[in-house]
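Here's the structure we're looking at; comments come further down.
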Amino acid sequence: MTTVLEILDVSKCYGRRNRVCVLSNINLKIQRGEFAALIGSSGSGKSTLLHIASLLEVPTSGTVVLNGTVCAPASDKTRTMMRRKHMGFVYQFHHLLQEFSVLENVMLPQRILGHGASTAESVAAAILEEMGLQDKAECRISELSGGERQRVAVARGIVNSPTIILADEPTGSLDPQMSKAVFSVLHKHVKAKNLAGLVATHDRTLAKQTDRVLSLSGGMLTEL
């Protein structure tokens, strides 16, 4: 299988005088077609590792490689370009724009990449249909249930056909039934499109549905 994301000897420390390291010599590979889960207690560094993997945060030391390109250490321009071109994101709190319709929210990543309005609308509409949200396209975010909002967030995260999807506690604010449904949508999309996926979650039951479970504790990463 093709390696999409590779993290090599990555550490992340904060502070100078009272230095605290939340990640220590992390090594991780995510392959195309693989959906992996990252588990750990609150404060274990899951979000920090995901931010580094998504090129939003720079490691103190180590290397991050995305699709064969070294993205850390690298310039801000390189990280931004690679992130926009190859990555899709889903967060616990959806960050959807309240003043936009569902369709306009999902179109936004396409527009950021420079696609015209008609192309962006066509692609976004197709993704919403895949999510079973075609009837909600013209709705405002405030009109949706929590589960529907999170499915819109998933749609927005995958609309640009990213090489890898990174999700940080995407079901943390949902009830168990809706959590399972949203998690299933992510999993199925990764498999159907032969993408790579890494999801941070505190839900071990959901984590067991993935191809591989990784545990972060004391700044160290182990595979379960």
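Glycine too: its Cβ is placed from the backbone N, Cα and C atoms.
Across the domain 'ABC transporter' (5-224), mean pLDDT in this model comes to 89. According to Swiss-Prot, the domain 'ABC transporter' annotation covers 5-224.
In this chain, none of the residues that are 6 or more apart from GLY43 (ATP binding site) has a CB less than 8 Å from its CB. As annotated by Swiss-Prot, ATP binding site applies to GLY40, SER41, SER42, GLY43, SER44, GLY45, LYS46, SER47.
Summary: among the binding-site residues (SER41, SER42, SER44, SER47), the fewest other C-beta atoms within 10 A of the C-beta are counted at SER42. Annotation for GLY40 (ATP binding site): same-chain Cβ neighbours under 8 Å, separated by at least 6 residues, are LYS46, ALA200, HIS202, SER215, LEU216, SER217.
Counting every protein chain shown, 25 other Cβ atoms lie within 10 Å of the Cβ of GLY45 (ATP binding site). Of all Cβ atoms in the shown protein chains, 23 besides its own fall within 10 Å of the Cβ of LYS46 (ATP binding site).
A Cβ within 8 Å of the Cβ centre of GLY40, SER41, SER42, GLY43, SER44, GLY45, LYS46, SER47, the residues given for ATP, is found for these other residues of the same chain: LEU216.
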